[in-house]
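Remarks on the structure that follows.
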């Protein structure tokens, strides 16, 4: 329910706390998510969510403590100078000692003053001053009080729960190839991105550049990765944070394959296999943070960042992250500080393209980190089947060939009763059964793949082909102990091709033949942004991603035990490609700093067109475009700033200024023009992110004085150009369209000099009108626990007595929230219903909330056991028995806070919660 008018009188100095994402703090969120249904129309009737599952996800005993003294890390260039003079170690030890002394004082306080048992997980000296701890023998109902005591310790500036980062997920297309010559290699991408030209003409191979890979480890026994670990090897540095006492070499050895694939893209080198990465002579550091299965805590990744800094890495690759985030998280801050110290940090934007806008992940969202999107590759090797009788009609698929079904004709048909295959098949006599012995062609949607294939199997089918209902390839999970027929996916375009063939056959059946061999295929989405690549913008409309790299159908190394080579897709593949390009730029200019490097990389990237059009795709999807390292190195003109975040209409500036500089040895005349990109609608009429993006070629206009459209600059000369943007005029101002484009700056006197392009993006209308809390489908949901440990929603029924809680054991209040758009914080208060006054704040840790995604059944969870933080005192207290409500205020984007005059926020009030201790759990629950 939306609250009635609520007057809150609180000191602005009160420490505001907020909800913690269930998916972000769980070591294993799947059991919790599996208890939730995709649709919540029947939530009030359900009792299938257990208190144990909720509490296991919410319970938290590991925290990261940040202190006020400056970190000890030194800028890369200063460090190199000190190392040359033999002075670095002594200075570093002195600076570390200062930070360490503060850590020791804090640990002594925990032990001696608070009498708390704990284990130090990691200490941080260089990128942040802090440590992570695991509390021991502290009950959950005492943790919040302890945290308030810790926050009050002099020198403590922030206490954050540790967050679990999921293992990178990519699409694995195939492994182990017999005919390497037939495989589409990285060389095609190298031509498009200028890597090949930089190698041939500039002799840039990454030699002398150290690149740290924070991932699943690296199989350094691979021939293309040097076959060894340690001094003199390609992989010279590393540390295994998962098994630090392993008998293997200190470098993280890969049991997954992801990190090895990343390493090959960056620096793989094998004449034997005709395989060469972007920077084949670079030196690698392998920092293993992910186990063979499972997640990694963010403090482990921060520790790996610190180790990479200590080892002297020049570039650090982070092919990890997912879901929307903020630049204020500990991981984002650590990565950003590493960049400030002069190390190039490159991170994947994420693989959540299907979830819509505002899905920039951490640490990619950090201002100093290069955020990378993915473009599709040109071709790939795959299994396939042919349509019998059709000319040159081969359909590729991402799975193993069906057992004992290759080389023989199989009939393909669409079930007449239901093209999705979700409804039970009609019963037929064996002789008349139209699906018996055939392959069912089924459209994706409406029910799980396992349900589709089981129904087809029960009807007598020998296999299923699922075609996508959106663009891009499909690799469904359609296996199980009771499934005995084959099933695989194809793209929407391929599905339509087969449907056309069936229509030509008068909707009867056609014959297909599975090949035993693989074939080379052109990618139907070549040179377009990958459908899986996450969308920007950032939570405060930051222009992210920064650039894009080849990430779809990328062939690279995997552990020898997994076939040595594999084709994978993901922003995880585009990120190391860009990291390798950064290494080439750094080799060309060892003194270049991360800010300047990113500026050059953005200015000389190449925006790609939206499918089947002459207009570039949105900058909120591709950033500056495809990286082009040769032009970024050779281009000697600059335009600053290198990108423009226009914000929303309420905050767009009246004018913008670019400073053009000609660093070529001779004069140049530049023409200034505008290249508008596709506008994108990613919000529903309610201001919530939409599942599908709507495009429009209606675009902004660049308003430039004609006298500034041509600029002559002598060698070394600079000039400022001022202009403004007129937003799209025929798009709805209330719908939150994202418009974008590029200011193009083209040299005209020397055709060999490449053009520059400055990307921009803004939002039409007011970002402050989007919804923060999702109040649809009964959310937020207040839950109580049944005697058997199930959680059920409580009814907001004024005709019944309110539910009674004893606040003992499992009989406490649980609340599920859905967050539509990124929220800086939720303010969660307790209202005494008898006096209509706020008595305190719910002590829940966390802030900077990303979107929750209904597609992935993500939520934010809060539990309240009757404890509050007293206003102005910041002390923990227990509310007496009585009737209360939970009140949640969510400041709108760009709001300065709920106490500021004129600032807007959303509000929600829970049904009445009655606390009556010492009674039997229960009460009016339904």
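Placed from the backbone N, Cα and C atoms, the Cβ positions cover glycine too.
If you check TrEMBL, you get these features:
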ACT_SITE  215  active site, charge relay system
ACT_SITE  258  active site, charge relay system
ACT_SITE  572  active site, charge relay system
DOMAIN    206-602  domain 'Peptidase S8/S53'
DOMAIN    415-498  domain 'PA'
DOMAIN    645-760  domain 'C5a peptidase/Subtilisin-like protease SBT2-like Fn3-like'
SIGNAL    1-19  signal peptide
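Residue 215 (active site, charge relay system) falls within a strand when secondary structure is assigned with DSSP.
Long-range Cβ contacts of residue 258 (active site, charge relay system) within its own chain (separation 6+, distance under 8 Å): 167, 168, 170, 215, 216, 290, 319, 572. The domain 'C5a peptidase/Subtilisin-like protease SBT2-like Fn3-like' (645-760): residue composition by secondary structure is 3 helix, 66 strand, 47 coil, according to DSSP. Residue 258 (active site, charge relay system) carries a helical DSSP state (H, G or I). Taking H, G and I as helix, E and B as strand and the rest as coil, DSSP gives the domain 'PA' (415-498) the counts 21 helix, 15 strand, 48 coil. According to DSSP, residue 572 (active site, charge relay system) sits within a helical segment.
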